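Chemist: Annotated NAD(+) binding site per Swiss-Prot: 76-87, 273-285, in sequence order, evidence recorded as sequence analysis. Sequence annotations record features per position, and here Swiss-Prot assigns substrate binding site to ARG94, ARG104, ARG130, ASP215. According to Swiss-Prot, the feature site 'Important for catalysis' maps to TYR137, LYS183. Among the features that Swiss-Prot reports, Mg(2+) binding site is placed at ASP215, ASP239, ASP243.
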Amino acid sequence: MEKRIVCLAGDGVGPEVMESAKEVLHMVERLYGHHFHLQDEHFGGVAIDLTGQPLPQRTLAACLASDAVLLGAVGGPRWDGAKERPEKGLLALRKGLGVFANVRPVTVESETAHLSPLKKADEIDFVVVRELTGGIYFSYPKERTDEVATDTLTYHRHEIERIVSYAFQLASKRKKKVTSIDKANVLESSKLWRTVTEEVALRYPDVELEHILVDAAAMELIRNPGRFDVIVTENLFGDILSDEASVLAGSLGMLPSASHAEKGPSLYEPIHGSAPDIAGKNKANPIAMMRSVAMMLGQSFGLTREGCAIEEAISAVLKSGKCTEDIGGTETTTSFTKAVMQEMEEQALVGRGR
């Protein structure tokens with residue numbers, strides 16, 4: 001298989017974890033006979049420094065022409081006073097690609113469960129599906145005076161139906177349960193959200209649906225996260241709750257994410273930030289980036305076996321006691337990546353010997 005992947009290393013630790021992603025992809029090429037054209041493009045703060053824009057037109061054009069996009073990290077205090085903020089480029093990239101579904105799997109390795117703030121963290125295994133294109137971030141009018149500020153929250157039926165349908169399709173391949181999170185006791189947009197969700201649910205009789213108000217959901221994520229399978233919610237609620245959920249893993253360096261469009265390339269990235277305090281020190285945890293690669297292989301390219309091989313290698317290395325500083329170990333970014341690649345190679349040899 002041949003695929004073109006645009007690599008947006010970005011800022012902070014982004015270039016370091018992107019290098020890990022590339023090395024893992026090269027190992028997949030060698031072990032399974034695929035070929036990936038990896039195209040580097042400027043994005044975020046580094047793009048501002050070079051072009052004055054966080055998302056240069058050349059970068060967006062390259063992304064649109066690709067089969068998938070990998071993003072390292074974006075932003076940092078260096079650009080706090082800049083006219084253009086790096087994070088603005090991420091919103092523009094999502095809009096340009098037309099991605100509407102942000103997918104964050106939240107799982108906890110038994111080897112790192114002790115790092116979670118919760119007891120029985122190894123029972124956590126759910127996915128947060130967040131709507132990305134509507135809601136309060138993208139609705140108008142928006143206005144502010146010295147005395148009054150106004151934001152508008154708008155959702156169209158087709159936006160709700162599209163994201164909820166995606167969540168049900170995902171749940172039908174997992175534990176067959178969807179939890180829809182809204183504020184239907186107060187917000188008109190949430191009342192429509194709930195109505196459309198119930199209509200979609202009729203098409204999936206084998207999938208259980210439950211509704212939870214967002215304030216109760218925030219509590220349940222901490223009190224009983226094992227109850228969840230697929231969570232689906234609107235943009236603002238999803239932004240907040242997915243960050244809350246990510247803390248359950250004990251380190252932001254562990255979890256990947258994907259953003260999908262109806263047509264065209266998807267965007268894959270670790271959920272962690274640019275971590276400027278450790279940038280360039282070979283300390284960044286590359287697991288989330290490597291898992292983003294695994295998601296890309298499975299979800300965009302249909303290479304489920306190859307994606308699983310990466311996941312299994314990561315788990316095996318963690319079981320051996322090797323891990324980076326953020327999860328209690330002494331491995332560097334490069335040494336942990338090397339260990340994962342070695343494990344992938346060994347597992348492939350064992351598989352061929354059967």
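The first residue you see is number 1, and the count goes up from there.
From the backbone N, Cα and C atoms, a Cβ is placed for every residue, glycine too.
Quick caveat, the model's predicted, so the values are computed rather than measured.
For each listed feature, how buried is it and what is near it?
Modeler: Within 10 Å of the C-beta of ASN285 (NAD(+) binding site) we count 27 further C-beta atoms, all protein chains included.
The Cβ of ASP215 (substrate binding site) lies under 8 Å from the Cβ of LYS183, each of these being in the same chain and 6 or more residues away along the sequence.
TYR137 (site 'Important for catalysis') is surrounded by 15 other CB atoms, counting those within 10 A of its CB over all protein chains shown.
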Chemist: At the level of the C-alpha atoms, what whole-angstrom distance separates LYS281 (NAD(+) binding site) and TYR137 (site 'Important for catalysis')?
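Modeler: It is 35 Å, counting Cα to Cα.
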Chemist: Quick check: with ASP215, ASP239, ASP243 left out, which same-chain residues have Cβ atoms within 8 Å of the centroid of the Mg(2+) site Cβ atoms?
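Modeler: These residues sit around the Mg(2+) site: VAL214, ALA218, LEU236, PHE237, GLY238, ILE240, LEU241, SER242, GLU244.
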Chemist: Residues with Cβ closer than 8 Å to the Cβ of ARG130 (substrate binding site), same chain and 6+ apart in sequence?
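Modeler: In sequence order, the residues whose Cβ lies under 8 Å from that of ARG130 (substrate binding site) (at least 6 apart) are ALA101, ASN102, VAL103, ARG104, VAL232, THR233, GLU234, ASN235, GLY238, ASP239, SER242.
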Chemist: Per DSSP, ARG104 (substrate binding site) is which: helix, strand or coil?
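Modeler: Its secondary structure by DSSP: strand.
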Chemist: Output the one of ASP80, ASP239, ASP243, ASP277 that, of all these binding-site residues, has the highest number of other Cβ atoms within 10 Å of its Cβ.
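Modeler: When each Cβ's neighbours within 10 Å are tallied, ASP239 tops the list.
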